[in-house]
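Heads up: the structure comes next, in C-alpha cells.
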Amino acid sequence: MPGGTPRLEGHPFSKTGPDPATPGAATMPDSPADVKTQPRSTPPNMPPPPPAVTQGATRHPSFTPSTMMNGSSHSPTAINGAPSTPNGFSNGPATSSSASLSTHQLPPACGARQLSKLKRFLTTLQQFGNDISPEIGERVRTLVLGLVNSTLTIEEFHAKLQEATNFPLRPFVIPFLKANLPLLQRELLHCARMAKQSPAQYLAQHEQLLLDANASSPIDSSELLLEVSESGKRRTPDRTKENGLDRDPLHPEHLSKRPCTMSPAQRYSPSNGLSHPPNGLPHPPGPPPQHYRLEDMAMAHHYRDAYRHADPRERPRPAVHGARQEEVIDHRLTDREWAEEWKHLNNLLNCIMDMVEKTRRSLTVLRRCQEADREELNHWIRRYSDAEDMKKGSPPSARPHNSSSSSEAPQLDVHRDFAPRPLSGYMPEEIWRKAEEAVNEVKRQAMSELQKAVSDAERKAHELITTERAKMERALAEAKRQASEDALTVINQQEDSSESCWNCGRKASETCSGCNTARYCGSFCQHKDWEKHHHVCGQTLQGLPAPSVPTAVGQPEAVPPMASSPSDAGSAGASRAGTPGTPAPLESASR
C-alpha cells in the first residue's frame, strides 16, 4: 500500500530489458515495448534520448525524485502488458487516460496507478460502509462525493468517516489523500470542461465512474482500517505482489483483467512510437471496446486531436525536465477552447439581440393597445355625456340653442383629457381613473336597466295576481250563490212535503200555528228553523181572515203580511218582537 517508508521496487524488465530497437530481441508480454532502458539514477538534466527511440520527446516527463509518491516508484507506460502495481492489484479499466493530466508532474503510468489506487480506496470505503448498514453506506458515499467536490477538507472527511463507521483509519490515509486527491480533482475538472458542465454536475451524472465496484479490484478493508489487536501497526504487505510477481496461476482473475489496462489514450500516445501499430507487439488483442469506459473514449479523442493539432504557442517551448506545467493547462486556452468561448459569446449576443427585438415588439403592441384603449374611452365618454344631457332634460325652447354648445363642451373636455401628450408627461393613473369612471358608468346604466326590468316584472306579477284574485273571488261568489240556490231549492222541496220536518227532514208530527204549513218533528226544530221560516210564515194566510189564525202566548195579535222582496221581509222581521211562543195546538199536543 502507498504511504509506507519510501523504497525502490524492482521490475522484471525495468533495468536490464532488451533494446526494442534491436530486431532480433525477444519481447516478453509484460515488458515495456518502446521505452528506452535507462537506470533509475538518471539525473534530471540528462539530455533526452534519440528521436528514433522516443517519439514526441518534448512531452516526455522526467523521472525526478518528485515522482516517488507515497514511497513507490514505477516504470514508464507499458504498451502491450500490465505493469506491476503495488499489492498485486491490477489497474483494470480504472486506469483512465484522463489521468494523463498529471503527466507534467508524474510519469503517465505512475499517475494512472495513483488514480486507480485512489478510486479503489474510495470504492472500498463505500463497500465497507454498505457492509455495515445501508444507511452508513449512504453517509460514506455522501462524504466521498463531498471530498471529491472539494466541499469537505481531508481532515473533515477523515473525522466524519471515523464518526460514521466507528473504525479508526490507518495513519497513511491522510498523506495518501493529500498526495493523490489533486490528481482526481484535476481529472474531474477536465472531464467536466469537456462535457461543458460544472464538476459537481459531472460527478452527479457520472458517479459510477468514481465509485464503480467492478472497475477495479477493491482493496481489503482490513488494510485501510486499524484493528484493535494490531495496536496501531499495519500488517506487512506481500513482497511478491509489490515486486510485480503476481503472475501466479493461483490468481487467474488478474490475467483476465490485464488487457483492459491499455486505454485508448495510451494507444494514441506519442510515446508509443510510429513504428508500432496501435495494438502493439505480438500480444493477445484486448477485449471489445464496450469494456472501456466513456471517459476513456472521450479522452482518447481529445488527446488524439491535441497531438495532431498542437498548439503553436507550445511548439517553440522546449521541454524542461522536472518543470511543473499544471498552470499552463489550467489557465491557458487552446485554439479549440478559444473557438468554443467565441461560439458561446456569439450565442449569448444573439440571445441578447433576440430579447431586445422581442422587447421592441412588445412595446409596439402595448402602444397600439394604449391607442385603442384611448379611442374606446373617448367613445364611452361621449356616450356618457349624451346620457347626462338626456337625464338633465333641458327645456324644449332652450334645447336647440344649447344643443350645439352642450355637444361642443364634452368634445372639448374629451380632447382636453385625452389629447396626445409627450411620453414624459403621460400619466397612466389618469387613464386608469377615466377607464374606471367609464366602466362604473356602464355599470350604473346596466343596474338602472336591470332595476327597470325588475320593476316591470314585479308590476306584471302584481297585475297577474290581482286578475287571478278577482277570478277567484268571482268563482267564490258564484259558488255561494249556487249554494244558496240549492238551499232554497231544498226548502221549496220541504215546503212541498207535508210529512217531513222542515228542519231535520224526519217525520213531522206538529204544524206551525202561524201558517199552518210548516211541519216539524218538535219544538226544538221549530225554534231552530224560525230564523228562516219567519220570512215566509203567514204569506199563505194573507187572504184568510185574521181570527182564524191561532195565536200563541206572547205573540202579537195580528201578524203583518211579509213582503215578497227582501226589503219588505227585513222590515217585517224588524217589526216583529222576539221569538213567538209555542202555538196552542202544539201545547195541547204536548199535554
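Backbone N, Cα and C define each Cβ position, glycine as well.
Since the structure is predicted, the reported quantities are computational estimates derived from the model, not experimental observations.
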Can you check which of 131-167, 316-352, 501-537 Swiss-Prot lists as zinc finger?
501-537
Residues close to Zn(2+) 2 site centre defined by CYS512, CYS515, HIS533, CYS537, Cβ within 8 Å
GLY514, THR517, ALA518, HIS534, VAL536, GLY538
Which is it, of CYS501, CYS504, CYS515: the one of these binding-site residues whose Cβ has the most other Cβ atoms within 10 Å?
CYS501
Which has the fewest other Cβ atoms within 10 Å: CYS512, CYS521, CYS537, the binding-site residues listed?
CYS521
Suppose you look only at the coiled coil (433-488); what would the mean pLDDT be?
92
Pairwise Cα distance for CYS501 (Zn(2+) 1 binding site)/CYS512 (Zn(2+) 2 binding site) [Å, integer]:
11
